[in-house]
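See below for the structure under consideration.
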Amino acid sequence: MFLDPYFDQAGKAMDMPPDHLKIVFSIFMTYPYAYLYNRLPNNPNIKHLYSIVLTCVTMLWFHRIYEGFAHIIVSSIITLVVTKYYKDKRMPWVNFVLLMIHMSISHIQRQRQGHLGDDQFDHTGPQMVLVIKLTSFAFNVFDATQPSEKLTDYNKTMMVREFPSVIEYYGWVLFFGGFIAGPANEYMDYKRFVTMEVFRDANGKIVRPSATKATLKLFTQGLFFILILATVAPHFSYFECLNPWYLKMPFWKRFLFIQAAGFSSRVKYYAVWLLAEGACVLCGLGFNGYDKDGKARWNRVSNIRPFTYESGESIKVLLEAWNMRTNVWLKNYVYLRVSNGKPGFGATVATFATSALWHGFHPGYYLTFVSGSLVQNVAKKLRRLVRPFFFTPDLKHPLPTKRIYDLYGYIAAQSSINMIAGPFLVLELNGSLLVWKSVYFYVHVAVFVIEGLFAAGLGKKLKALQKTRAEKAGVQLQEIKPREDKVIVSEVGVEFADEGGVRVGKKKLQ
């Protein structure tokens, strides 16, 4: 493609892979695409064709991904055929397994070609997004045949009562907003958006609020992180931890470098996801009704909350703010489907395994996910057993020392994630372990020590102290049992909003 030399030159000048620049350029182009989309005739078929043509041009002409695009079309055909012609209660699971196998083949092909990281763009990224969409679609088609009492409110909202035409189906599959790197969107959200039904008010009139302010906010944030990506991030990479000069630094410098590398690795995700969401908001897909003050909400396809993440004081907050559309998928189409109203270990393992396989087969992914699960488990115990002591005995008001708890929580959460995320970027086993070794596996040591203390009886003692403290204040604590409707699902595990928490009467600890 005639633009390739310019991207190569710019990549060298900015010390960035040319494919990263091409991805950003592709996402930038979705803004003028969205602008023109809003000026198309209010005819769904024209809008479908518009997306189909744009995405085909982007993948086949701009990125020149021919075989990879064929893989994407094959995945979409699998789901189209299975959901339309296989009338069986196992239909959504058959579709799920076929798509995961197909995507696994793509991951293995990429891995065998020696591609580490995401420096070279291929079809696996869009295919991962598409797997979320297509597996969700199959369950939504199946849900339309089920009694309503078996469905959650979310299922009822997303069920597909009328099977789409081929052009409508591919208009959604190849929708230009979010195709390259997400965010994924549900079929029914797309249908209500493309038919303008999402904008219909209580009086039956279609009233579309302005998305300019929300779009500019996302676009500006995306540009901010691109600036950091181009100027700061190249100097702080986990791969630098493999160099001799890094290993010669004192521990405290290596520790700080790991923190900077963690932030720098997230910046590219922030930039891409925010910019992609901004284009979806501009064309209207991001509209999510109105808040209590009558202001339009544009968070339907939000995938990241960078400032919430970077200021998060607990692992729970960090995981909830990261890759949010994937978390929605894992919750509604993996965990809740496997648990079937009975939360348990099996559903948790299935969710974890799906998340891991969805990412691929590099050892670094599994090192990060397993470590993340261990950290998440320790964090749950600490929140359940230690956090109450920083509130008044009736758990209604935080004590002045709560600020100290929050500060320690912030440092522990951020430094833990920044260390265990290293293998997710390095991918290769020896290099991943070397990154951890350079900082003495401090997260794993902390997890081992804390779990050892709990195993030695610390947990029971803390529970007894909580009870004694409450009794002296004249209140009685009750343990909160996990509720499936409060489940929080992330890429590294499952927990419940109030898991193992305590409350006084009906007042639970917030």
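Backbone N, Cα and C atoms are what each Cβ position is placed from, and that goes for glycine too.
Small disclaimer: the values here were computed from a predicted structure and weren't measured.
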Feature transmembrane segment in TrEMBL, mapped to one of the ranges 49-67, 68-86: 68-86
Feature contact check the transmembrane segment (20-38) with the transmembrane segment (407-427), CB under 8 Å, 3 or more pairs: no
Region pair the transmembrane segment (20-38) / the transmembrane segment (439-459), three or more CB pairs under 8 Å: no
